[in-house]
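Student: Quick one: the structure is below, questions incoming.
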């Protein structure tokens, strides 16, 4: 029996018949592939698949699909058995379960009860020990006349479609199963390869040896490594043996890894040459300035945590080649003793230690150069340490000056190829952006790679609440590894390939609760990752093996940030916790050696200047008081306190340092800058608006670029003059990793970046021998002296100004009229996508709901709504319609309303009668409530409790209703006419209502008192009479800005109900507005008009981006026969920002997307300076006190 997770052993007897022993060498394995190719070419299909199964070397997915589609279940399991068994791992178990479940359901569908019972007992019983409840539920299907009566199986179609859907799931499981790794792709080699070898000589080994004799310089003992290609010995140069391919004439010999400091910045440490033993004892009194040190890195969300900060003694770390250090030395004890007592023999900050101020305010990056739209709230960001800037080699006595100059040019050309920025979000996503091209070159959504290896607390936490956020993302020093810390237990690392690819490397179930920060270090020769979390511990792990090396305990509250560091040969870690304590640890597990109090006694992070000589910290107290200070390391005392923070900061303030001269912090919707030697604010910038209260921020290594987060789920890149020059050079260069392989067939061999940069820069190897000759990285400001031709501007660029895109041709859009077998003259009055994006739900004026579902197919593997594939008009097998109760009057005259639960399981709806709660699977009415009169006119679920519903009423009141206890908790009064809109903001803790009286009211969720009200104003082109008519409201993703929709206008309001910008109908969209909604990413506003047109607006400025004419999405024959047709309601897809659905006045529903040629609506975006008025920065709620046992919200 195989143990769990082990690879299945291939049957021996079949291999022995081929003369291959059971324990197979690489060449023997290749021989099997040659035989498989030969058998396939000779059309011995059954033998091919038998050998595939018995060898276990190649899983033929096409053969497997054919077996499944044919329903040959015994053969399916027999073929799978050559590669895995049920008990091998969770993926294998799931694969076999899905196959046997499908076989069982098909027997039930044929009403073959005897066969179904046999499958249940023989095949499915094995899974009962793993999930008894599931087995019971499967058994109960025997008692149903039709198993589709089970809610979970209500969507089961016919046998063919069910097998196709299952195949999609099986392929995903097989691809994820580690036992199938390297077995899904047949190795490439020429056709008839085995026949070629046989024809050359009767014995294939002799054939290869015969080829060897044809080599120009045959070796005495040839090394035959593969059967797939003909053998040839390497050709030596000038009679000598050929050098390895990595050693080129330009770069000389390749140094050993770790022989010189890796090229990097913004890393947890900057490796340098280890000092001599004689220097260790007197390091505190040594007045020589230390070697350059990396600047601060961004900290965990809510607070900037530099990877090279955590407390009071920051300095460059040892190189990878440094010998292991015995921490139980007198030196280390002496160091920590002085740290505790604050002896004054350590050098203090003096004027001579600091370089003179040679910078000006113009060196600060304050000009907006790029805006990147991530789509979800950015929690952490970090510039790549290697690929982001220009590097110079070091002078060497070895090799010629010409070689060095060529190397410098090569490295220069490589390094300006792209500027990478990693971001992590509040939904667990990570993305890598190439700043120059604005291209997101990599994107990963959160998933647990191996749930079977996770602890029970983690599995329970994920079952209870699957939402997860990125707390920290960080590059390793050389940029070859990306570390990501999540809000539940997990740390994941990826290997970063220079083409933008992220490969899974390591997954750690690191802490109970959230992992609040990570950092990289070299406590020994190998790279380690340090983690801290809610369980009050700090842990050190080997990055390669995942082995835990150290655990540090001693904090009394969750640990918020960590910072590995070293002074001379003594390495230690600083940690901060949310009770304001700062501790220091040696790598000896003997407890903390330092215990300080941080200003504010709450969330604090610390950072050194780039050269490691000055220490700063920034933090915010529970009362919102922020502190940015410089420390005297010797005394553990504050040396300088910087002013300029508001009395109550709205969030935990974050900061960064740059150029050994400037500090930057995000506060009051702006970025504030200080000179390190002056406590007063130097200057500020609002980045042209749109920043949150406390934006996260991050400098690149040279300080020429500054990345800041925005309130609309994006990132703004600010630049100084050098940064603007860099971005301009990169904007016309496509990211190299996105080019197809066909473009590089005749290209020169690429020089890899990241960790492999050291192999290019061989002259740098002597840096370890001559630390006094290390040169700093070249600044972009020095490019003026280099022979670099400036980019010649093209006049055509100037003409690419923004203009309105008017789409009237059906060829310029993808539009799909959803199929509808029921002819009706009713209008579509309510329309929405399900939260999963897999279906569209419409409510007609006749009180009947219609649900369209997209199926997973080869054309649409995700199963999400699309205009390219028609969906099914879905109904339960009993044919029941989902119909609202109506009053005695005409339902066409009633105000309909609808709301969907977060999990898409239930929909609440009304059409003038009682409010009905429907099951979305069966269309059955679960309950009804709120009998008219008055009738319900709008519904909204409470954001924190699905059992609480805000119901707008026809009598102008709002009833807060508890479904569970069938009770109206309170009734809100303030409007004069019926309620037509409701919107909750969880961050503002308010409900905003709108009515047919054109009034907006804001209500506190806590006590339901009215906080503010305001009537919307008539546009200047309209008579001054008070407005009336339906008014709708919707909060932006930032939960602060409010979209207000009236037939006379679109308007954006802030959290105080102040109008920030508005737009009223005029050419080219003169008709009254029928409906409007934000796109899912909040970047656009879609509006429908009563003449049939659809307008696409930029949400920030309400500038018209695109007009979609009726003729673009409706054929002329339909529009002419139906008379005046227009969209009554518009819906935005929950995850595709450029897809909308339109509910029409003739009862039709259309899904509309841009064409494949232009995947986004509109033409080139307008220049930033022409965007019109910008929204003021949104108002976020102040920081509230949190229990000391929990970290602050991220």
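Just so you know, glycine gets a Cβ as well, placed from its N, Cα and C.
The compositional bias 'Pro residues' annotation in TrEMBL covers 1165-1181. Among the features that TrEMBL reports, domain 'CTLH' is placed at 57-115. Sequence annotations record features per position, and here TrEMBL assigns region 'Disordered' to 1153-1194. Per TrEMBL, repeat 'WD' is recorded for 508-551, 972-1013.
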Student: When the pLDDT values for the repeat 'WD' (508-551) are averaged, what is the result?
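Tutor: A mean pLDDT of 91 is what the model gives the repeat 'WD' (508-551).
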Student: Looking only at the repeat 'WD' (508-551), how are its residues distributed among DSSP helix, strand and coil?
Tutor: 0 helix, 25 strand, 19 coil
Student: May I have the DSSP-based helix, strand and coil counts for the residues of the repeat 'WD' (972-1013)?
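Tutor: The breakdown for the repeat 'WD' (972-1013) reads 0 helix, 26 strand, 16 coil.
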Student: In the domain 'CTLH' (57-115), how many residues does DSSP put in helix, strand and coil?
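Tutor: Secondary-structure breakdown of the domain 'CTLH' (57-115): 42 helix, 0 strand, 17 coil.
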